[in-house]
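First comes the structure, then the notes that go with it.
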Amino acid sequence: MSKKFGAMILCSAAAVAAAFFAQQKGLPTQQQNQVSPKAVSMIVNLEGCVRNPYKCPADVWTNGVGNTHNVDKTKILTIDEVATDLRRNIKEAENCINTYFNGEKMNQGQYDAMVSLAFNVGCGNIKTYYSKTQGKRVATTIYRAAQAENWILMCNRIEDFNKSGGRVLKGLQNRRAKEKALCLGE
């Protein structure tokens, strides 16, 4: 972290998960998240939690648990605000997996792993990529595998998403290995 952004104000993954589940209880069923508690804990632990804004390795303003939406560069979030953003961001990832990846046909481990991936890299980035040879965005192998309901191939392609800014990052390699294992039921 660059000194010009100041020190990170970390928050407890357990506290965020507890606030997430407390908020979830009061919601109508259709508004509740579909990922398992295991997936929520995994996402929070893999992303980490920082209450103040900072720039992530992709040079994007971020706060909370990997939140990049409407980040106020002057605000320190409460745990409840972090949990609210987390619920919204997981719901967005769930919508992606349900809409484009046949999420309703996946088992819970496959679903949880794919939601974690979509949460981390964004829906558009797991659905398509820019092909230099074709000069346009084309469907990813993971997207085509999910469309064909080839769940094993889909799970095995999770590790394709191990780069940020064109560089392979050890942290992303580790995360993808965990997501792949969850997806394959290991």
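Backbone N, Cα and C atoms are what each Cβ position is placed from, and that goes for glycine too.
Record features, source Swiss-Prot:
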TRANSMEM  1-18  transmembrane segment
DISULFID  Cys11-Cys49  disulfide bond
ACT_SITE  Glu47  active site, proton donor/acceptor
DISULFID  Cys49-Cys56  disulfide bond
ACT_SITE  Cys56  active site, proton donor/acceptor
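Annotated features, which come from Swiss-Prot, shown on the structure.
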{"residue": "Cys11", "record": "disulfide bond", "DSSP class": "coil"}
{"residue": "Glu47", "record": "active site, proton donor/acceptor", "DSSP class": "helix"}
{"residue": "Cys56", "record": "disulfide bond", "DSSP class": "coil"}
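Its Cβ placed at the centre, Cys11 (disulfide bond) has 23 other Cβ atoms within 10 Å. When the disulfide-bonded residues Cys49, Cys56 are compared by the number of other C-beta atoms lying within 10 angstroms of their own C-beta, Cys56 comes out lowest. All protein chains considered, the CB of Glu47 (active site, proton donor/acceptor) has 22 other CB atoms within 10 Å.
Between the C-alpha atoms of Glu47 (active site, proton donor/acceptor) and Cys56 (disulfide bond), the distance comes to 11 Å. Separating the Cα atoms of Cys49 (disulfide bond) and Cys56 (disulfide bond) is a whole-number distance of 12 Å.
Cys56 (disulfide bond) sits 16 Å from Cys11 (disulfide bond), taking the CA atoms of both as reference points.
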